[in-house]
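> Grabbed the feature section from Swiss-Prot, which reads as follows:
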type	residues	note
BINDING	His75, Asp108, Glu170	Zn(2+) 1 binding site
ACT_SITE	Asp77	active site
BINDING	Asp108, Glu142, His359	Zn(2+) 2 binding site
ACT_SITE	Glu141	active site, proton acceptor
Amino acid sequence: MLTSDLSNDLANPLPLAQALIRRPSVTPIDAGALDVMQAALEQLGFTCRRYPFGEVDNLYARRGTASPCFLFAGHTDVVPPGDDDAWRKPPFGAEAEDGVLWGRGAADMKGAIAAMVASVQRFLDTGEPKGSIAFLITGDEEGPAIHGTKAVLEALADEGETFDHCLVGEPTNPNVLGDTIKSGRRGSLNCTLTVTGRQGHVAYPERAENPIPALLDLLGRLLARKLDDGVPPFQPSNLEVTSVDVGNPTTNVIPAAATARFNIRFNIAHNGDALSDWIRSEVAKIDLDFDGRIEADIHVTGEAFLTPAGPFTTLLQDCVEAETGRRPALTTGGGTSDARFIQLYAPVAEFGLVGATMHQVDERVPVSDIETLTAIYTRILKGYFKDFPA
């Protein structure tokens, strides 16, 4: 049975989008958002399974067992709204006024999830698919992303579950609906460098071991390397230092330790292991003239990937163009998403709403964009099950 604030007319995406936004599902809190999704999908004939890991809950739903299987993927968790009083509309009020839907998650990405569900209802109204449709909805995308899509995919693989293509509903469009489809993403590596010395008075440097010169030397070596010139359609890889800290507000004390943090966004010319080895090799070249140590704490949060242009991406472009009049570009820029996990299991692309206000105060989207996105998703389902045989 559907929740009381959700219309039985699932072909209309707005009531479902509002019901989801009214759940304050700030990572890792679900607040009933997945219950709303499960109720809607069960009404459409999906078999639903929940996958709780740690503090996070996740939902996998499938309708049918035959191939090909088309997977919709997304997340119901949202970032905190910040100061509620700074919003023109309540962040979890889901008010629709003058053709605009307001609320945290409207753009990223509860509006797109509602469009996915509505598109399935509209598609099923025309007949049964020659294959299967599935949903993977996580509550851990905006957070560490450890207990979300990645963990569910691993569990599904252990159970023998497979799918053939995936569309993620991230807000890929920077300006207007139909701008861009994400056909790949850069990889991401985080590193914390720590040089440990010995604290002392600046007037007696012989009694101290200053870690700062060694840290600056190491950062200089890392920054001196041009990683690449870009690999189309990827932009050049970049290393950005994000902080340098010594925890020392004074001018007469040599600090005991110095720390720097940086991130590398890398294209398919690199992988996480090779970059990690390079960082460690540069660390090994630093010759400390005192009895200290240098540590590099490296975490690769995602590898670069690309879904090559082909029948799947062409289908997506054709359907977007048919509904918007714009031919979307296939791009790979921006941050990471859960597509970095999905690409290990099936070809994946991303297309959703306009992201201009995502994560901001007064997040909002035109209701007409949600309707158009529903029409695009419906057209994609029709084309997919017509042109992609088992």
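Even glycines carry a Cβ here, placed using N, Cα and C.
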> Between the recorded positions Asp77, Asp108, His359, which lies closest to Glu141 (active site, proton acceptor), Cα to Cα?
Asp77
> In sequence order, which residues at least six apart in the same chain have a CB under 8 Å from the CB of Glu142 (Zn(2+) 2 binding site)?
Thr27, His75, Asp77, Val78, Val79
> May I ask for the distance between Glu170 (Zn(2+) 1 binding site) and His359 (Zn(2+) 2 binding site), taken between their Cα atoms and rounded to an integer number of Å?
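About 13 Å separates the two Cα atoms.
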> So which one is it: of the recorded positions Asp77, Asp108, Glu141, Glu170, which has the fewest other Cβ atoms within 10 Å?
Glu141
> DSSP on His75 (Zn(2+) 1 binding site), three-state: which is it?
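Assignment for His75 (Zn(2+) 1 binding site) reads strand.
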> At a 10 A cut-off on CB-CB distances, which of the binding-site residues His75, His359 has the highest count?
His75
> In Å, rounded, how far does the Cα of Asp108 (Zn(2+) 1 binding site) sit from the Cα of His359 (Zn(2+) 2 binding site)?
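So the Cα of His359 (Zn(2+) 2 binding site) lies 8 Å away from that of Asp108 (Zn(2+) 1 binding site).
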> Quick check: which same-chain residues outside Asp108, Glu142, His359 lie with their CB within 8 A of the centre of the Zn(2+) 2 site CB atoms?
Val78, Val79, Gly105, Met109, Met358
> Whose Cβ lies within 8 Å of the mean position of the Cβ atoms of His75, Asp108, Glu170, the Zn(2+) 1 site, other than those residues?
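These residues sit around the Zn(2+) 1 site: Gly74, Met109, Ala112, Glu141, Glu142, Val168, Gly169, Pro171, Ser337, Gly352, Met358.
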